[in-house]
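Copied from TrEMBL, the annotated features are:
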type	residues	note
TRANSMEM	26-50	transmembrane segment
TRANSMEM	70-86	transmembrane segment
TRANSMEM	136-154	transmembrane segment
TRANSMEM	166-187	transmembrane segment
TRANSMEM	199-220	transmembrane segment
TRANSMEM	241-264	transmembrane segment
TRANSMEM	276-294	transmembrane segment
TRANSMEM	306-324	transmembrane segment
TRANSMEM	330-350	transmembrane segment
Amino acid sequence: SQYSAVDTNPLSVYIMQPIWNKIIKIVPLWIAPNLLTFSGFVMLLVNYFLLSFYDWDYTASGTGPGLVPTWVWLFSAFTTFCAYALDSIDGKHARRTQSSTPLGELFDHGLDSWATSIFVLSFFSVCSRDNGQTGVSIYTMYIYLSIVLFNFMCSHWEKYNTGVLFLPWGYDISQVVLITAYLFTGAVGVEVWQKPFLFGYYITDVLVILLIGFSLFLSFPQTLYNIHRAYLKKTLKNDSLYEGLLPLVSPLLLFVLLTVWVALSPSNILARQPRLFLWMVGVAFSNVICKVIICQMSSTRTELFHWFLFPLALVVYAAISGLLGWTEEAVLAVLTALVTAAHVHFGVCVGRQLSEHLNIYIFSLKKRVQE
C-alpha cells in the first residue's frame, strides 16, 4: 500500500519543515535513509543509558542537584534534537534518493514506537521522583508514560482503519518542549523544577496537565473524528466494528495487566525498580504496536492476543498472589531482559525478511545482486 501521511501542525509546517529542508541538503546522496533513522535512535539510547548511569532510580535531581553534570543535560538536548531532525528528514531523504520502500516505513515507525517511551523515560530524570517535598510521584510517571504511548497507539490504530497516518500535533510540540527543557536545565540547574512556578504549581505539574489535556481533548477526539469521517466517506479499510477495534485489544490488556501489577504488588515493584519496570512497559508496548503496524501495512488482520500477554499474566498472578515473595525484583529483571531480547530479535528478523523480499540492503543504497 502507498504510504500517506498528513501533517497539519502549524509548528511543523511553518517552522520545522523549512529547517529540515535546509538540513537535508547537507546529507550526502550515498547515505541510506534507514541509516539516518537508526542513527537518531542510537543517539537516544546512548543518552538514555548515560542518564541511567548518573540517575538509576530517578532521584538525582531531587536529592542532590548537581549529581547529574551540566554537560549531560546539554548532551541530552543535543541528542534529542539530532534524533528529532533525523526522524524528520529520513523520509525526505528517501524520496530524494528514490529509495522509499515499505521496509523504510516500517523501520521508521517501528523505531518510533520504541523511541516514544525512551524520550519520556529520559525526561523523568529532569523532574525526579517524589521525595516528599518536590518531584513527581512514580505512579504519575507510569500514567504519564501510558498516556504518551496511548497517543502513539491511537495514530497507528487510526491508520489501520483509514489507511492514512495523521501526524499528531503533540509530536513536534513535545520535541521542542523536551529540547528546551534540557537546555534550560543545563543553563539554570535542576533546582528550577523544584520551585513552585504558578499558584503553588510546579512546572512539572503544568506539563502533566498539558499532556493529559492535549491527549484527551485534542489527539483522541481527532482520531475518532478522522475514523468517523472515513466511515461516512466509505473509505474505511475494515467493514466490521470488530475488525476495526481488534488492534486495541492487546495494548489495552497489556495496560490492564501492568496496572494490576503496579497497584497490587506486595513489594511495591514500581517504587523499587522504576527504571526496569518503565523500560519493560515501553519495550512490550513497542512490540505490540509493531505487529499492528505490520498488519496495517500488509493489509492483514491483526491477532487478538499478543504472545507477551500470556507470560506477563503468569508473572503478574505469581507476584500479586505472593508466590514470588522476595524474588519479585529478580523476576522483573529477567522478564525485562527477555522482552528486550525478544523485541530486538523480532526487529532483526522482520528487517532481514523484508530486505530479502524487496531485494534491498537495510543500511546501503547498493542494489542486491539477484541470486
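Positions of Cβ are set from backbone N, Cα and C atoms, glycine also.
Where the annotation comes from TrEMBL, it is an automatic prediction and has not been curated.
Through the fold, the transmembrane segment (330-350) approaches residues 106, 110, 114, 269, 273, 276-277, 279-280, 283-284, 286-287, 290, 294, 308, 311-312, 315, 318-319, 324 of its own chain, all at least 6 residues removed from its boundaries and within a Cβ separation under 8 Å. When Cβ-Cβ distances below 8 Å are used as the criterion, the transmembrane segment (241-264) is approached by residues 139, 142, 146, 149-150, 153, 156-157, 160-161, 227, 270, 277, 281, 284-285, 288-289, 291-292, 295-296, 301-306, 308-309, 312-313, 315-316, 319-320 of the same chain, each at least six residues removed from its ends.
Most Cβ pairs under 8 A with the transmembrane segment (276-294) among the ranges 70-86, 136-154, 166-187, 199-220 are made by 136-154.
Sequence-distant residue pairs (6 or more apart) of the transmembrane segment (166-187) and the transmembrane segment (306-324) include fewer than 3 whose Cβ atoms are under 8 Å, leaving the two stretches without contact.
Tertiary neighbourhood of the transmembrane segment (306-324): same-chain residues 250, 253-254, 257-258, 260-261, 264-266, 269, 284, 287-288, 291, 331, 335, 339, 342, selected by CB-CB distance under 8 Å and a gap of 6+ residues from either end.
Sequence-distant contacts of the transmembrane segment (136-154), counting only residues of its own chain at least 6 positions beyond either end whose CB sits under 8 Å from a CB of the stretch, comprise 58, 112-113, 116-117, 119-121, 124, 127-130, 168, 170, 174, 204, 208, 211-212, 215, 219-220, 223, 248, 251, 255, 262, 270-271, 274, 277-278, 281-282, 285, 289, 292.
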